[in-house]
Amino acid sequence: PRDKTQLNSKGTNDFCVKNIKQAEFGRREIEIAEQDMSALISLRKRAQGEKPLAGAKIIGCTHITAQTAVLIETLEALGAQCRWTACNIYSTQNEVAAALSEIGVAVFAWKGESEDDFWWCINKCINMEGWQPNMILDDGGDLTHWVYKKYPNVFKKIRGIVEESVTGVHRLYQLSKAGKLCVPAMNVNDSVTKQKFDNLYCCRESILDGLKRTTDVMFGGKQVVVCGYGEVGKGCTAALKAMGSIVYVTEIDPICALQACMDGFRLVKLNEVIRQVDIIITCTGNKNVVTRDQLDRMKNGSIVCNMGHSNTEIDVASLRTPELTWERVRSQVDHVIWPDGKRVILLAEGRLLNLSCSTVPTFVLSITATTQALALIELYNAPEGRYKQDVYLLPKKMDEYVASLHLPTFDAHLTELSDEQAKYLGLNKNGPFKPNYYRYKCPC
């Protein structure tokens, strides 16, 4: 795509996608997604007249899917101008990228980018003559990192960063601790409506979808180790347990480890089970969780995949050596073959399995997208001094508002406190109903 010039029907070429002629197909995908994102559409309709993002110039780096397109079009309906690129080289839906480019959104992304393409697209997203971004929406921190590295002066106009991944949030806290964070940032990942729904319920359904589409594996009786028992790990283990798999968990945090034990999973070190397990799933946000030494000891036919954001959890680079043979057997499915004939099945080259190899539930993404939109509105419109150069959580009242927007889908009816009950509890009848330190229980 970088080598060819394409024009949309308006005659503009400020985009770089696989094939602009796929726009009509992508538009149908977006319309399908809208059907299960009624809360985000409701927010769009409620705020469209006020234009709370008028004047906002947002650069975004997320997965580019039909669901993301609904978010982008909502931001534009609320007054924003957007330029977008992908946070993952495999997750872009080419037809959706084309549909967004057709209506004038500057999109730089296609499925199957090289590493060089990835950074080129990010650079094109930021660097446009006469156009200065003032908001960042990031997923993984790569866009924020590139602005710091190449365009630090851009931060003079940036009002805030909204970040939705564990990896990206970790980077922001590192910047804050070092005194290098120069704008306010909103940690969407740890908002209740992101963490307890997207991280948990989305992964509970999409882990099975991704594994089944790529390998046709039978889950019953398989020995599976899930590395990490945060919300993503909890979702994955619950799904696999329900399918009859024998599930082990690895953890560094004694609290998460105790939760795993109380939920009926055996807590192990990876080296204790590496020779016997059929599937390894990483979801820690860390690096080198599965090393070359451990991959060498896995049995023939084992499956290795990642459900964390970054491609650093499995030491894939160590497998690119002359003595090992790589055989592409399906899209995003590689057999890595050892000299003795042993094969290990590597999915998506160690990148995020569900968005690289399958799809994710639209309704859950509606919850996340609505949370992101409200975070952008909050940071963009906040009076000077409300937010300093630090990392913040979404206000509890907004979390509750996001949840309330999604309840009508289930024909759900909230009970209302009486004046006497509200006074007894010391609450406002309209919320917030829980203090910021409250931990919503995981149902797994």
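Keep in mind that glycine also has a Cβ here, set from the backbone N, Cα and C atoms.
Here the Cβ of Thr65 (substrate binding site) has 23 other Cβ atoms within 10 Å, regardless of which shown protein chain they belong to. Taken from TrEMBL, the feature substrate binding site applies to Thr65, Asp139, Glu164, Lys194, Asp198.
Model confidence over the domain 'S-adenosyl-L-homocysteine hydrolase NAD binding' (199-360) stands at 95, taken as the mean pLDDT rounded to a whole number. Per TrEMBL, the feature domain 'S-adenosyl-L-homocysteine hydrolase NAD binding' maps to 199-360.
Look at TrEMBL and you will find Gly230, Glu231, Val232, Gly233, Lys234, Gly235, Glu251, Asn354 tagged as NAD(+) binding site.
For the binding site of NAD(+), formed by Gly230, Glu231, Val232, Gly233, Lys234, Gly235, Glu251, Asn354 according to the record, the largest Cα to Cα distance is 22 Å, rounded to a whole number.
Just so you know, the Cβ of Gly230 (NAD(+) binding site) picks up 21 other Cβ atoms within 10 Å once every protein chain is counted. The Cβ of Glu164 (substrate binding site) lies under 8 Å from the Cβ of Thr62, Leu137, Asp138, Asp139, Val188, Asn189, Lys194, Thr368, Gln372, each on the same chain and at least six residues away in sequence. Across the residues annotated as binding substrate (Thr65, Asp139, Glu164, Lys194, Asp198), the widest Cα-Cα separation comes to 18 Å.
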